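TrEMBL has this to say about the protein:
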- 12-33: transmembrane segment (TRANSMEM)
- 184-206: transmembrane segment (TRANSMEM)
- 208-261: domain 'HAMP' (DOMAIN)
- 277-323: domain 'HAMP' (DOMAIN)
- 328-557: domain 'Methyl-accepting transducer' (DOMAIN)
- 455-482: coiled coil (COILED)
């Protein structure tokens, strides 16, 4: 097929394949780059929101710690830091609320602001006013009596929910980004390898299909130009421009060979031909005069020896034929009448057989069509069974990958559990240190009150960390149990797919056997139908030939009489003369006219008799 394709089309298809492959690689790479850019933008936004939420928490803790420092020391520098933290919180909370798109997260920021304003009104600003009014001891006593109520946990917790949501979103986008990077890298590597492979393959194919044959044809043409006419011309069956060139070179070679042979044979053939023509012309002149005893006795060259032998044999045969014709004409007239009657009866029986064969051929053709339809349906069913086997095999492979992935997730969960246990221990040790710090602050008296407040906050954070670690461990245990259940379910699905694959394989074998049987039956019926069709055509031809034979037999008797008269004109030597012509036989039936083909084959016009004998 490729050898029949024109060279410009081969080159066009080659460059088209390279361009299509490059376009596919670029499209895949562009899609992955777009996904990476989108994930990066979303991560930047999430990190900005996370940073602002963390800044709000820091501002709240700063206000709380500076309030406690001012209550303990009465130093006005704490008020300056308190005011800066309050202003920073108000500014960032407004910016964060405008930046957030999730209604739940925006509501969390508003809730944190409301709790912050309530804390300022109830504790922060009011206690500062009392200290400035000279009631610092009373304010300190009120704080100690309030305990955890003076903390800003109610305002901090909504901000932590916002931060947790952004952390989850960052992790999700990071995974998408990593997946896109891997896909882009894979597409780039595979696309490059594919382009290189296609280019090398096309280069080798074009070199083998175009450059190589051109070089070989050039060598052949050089040999032909040097006079070597016995060389073989390759690639004459190709359908492209190279095939046209090779066929033209083949014509040149054949013409050169024929010219050389003709030049060598012409000289010898002319001399031999002249002698043979003169001898044959002399004897044909005698034969034209009716002398059937004029045989050629002169020796002819090797190429014309058969002419002498055949001429003498033909002359002897003609002499015997004329004698036999003269003697057999009476018998032929009698036999021709019997042939005519038998031919008419045979024609009627042959026509009846032809009709029966035609009906049989039609019935077998219908059977052949139904068997072919059944074979086609069985073949399609086998193809569908093959597709089902492939689909089940793919499902089993996916199930195996799912089991392996769940096993890896279970192992990762065990590692996370050990990390959570370490965090729990760290939180516990932090609480112990906070308690020790509170004890030391109590021993220090008024000088350690600020440090005691900080120790309380650290202890509260440590307790919060222990609670979160416990929740994470519980959630991880549930996840591990769910993973085990999922692994069992996937393994059951894999077993079911294996059973389905075996059943489909058995069905496939049965259908293949049915398809093979149907095809064999269809082939046999086709052969029978072809044979019956051939018999039908032969029977119809026989009927026509019988009709022609019957008509020819009626005319044969008349032609025998004419032939007998013409045979008497020849000199056949010492042979007894033929008996007198008998009267033509009378036929019972009416003679039917012969077809034109039969008449032209059996009867020669009288005016062409001399020309036929002269040519013979």
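Every residue, even glycine, has its Cβ placed from backbone N, Cα and C.
Sequence-distant contacts of the coiled coil (455-482) (same chain, six or more residues past either end, CB-CB distance under 8 Å): 61, 64-65, 148, 151, 153, 410, 413-414, 416-417, 420-421, 423-424, 426-428, 430-431, 433-435, 437-438, 441.
The DSSP breakdown of the domain 'HAMP' (277-323) into helical (H, G, I), extended (E, B) and coil residues amounts to 34 helix, 1 strand, 12 coil. Taken as a whole, the domain 'HAMP' (277-323) shows an average pLDDT of 77 in this prediction.
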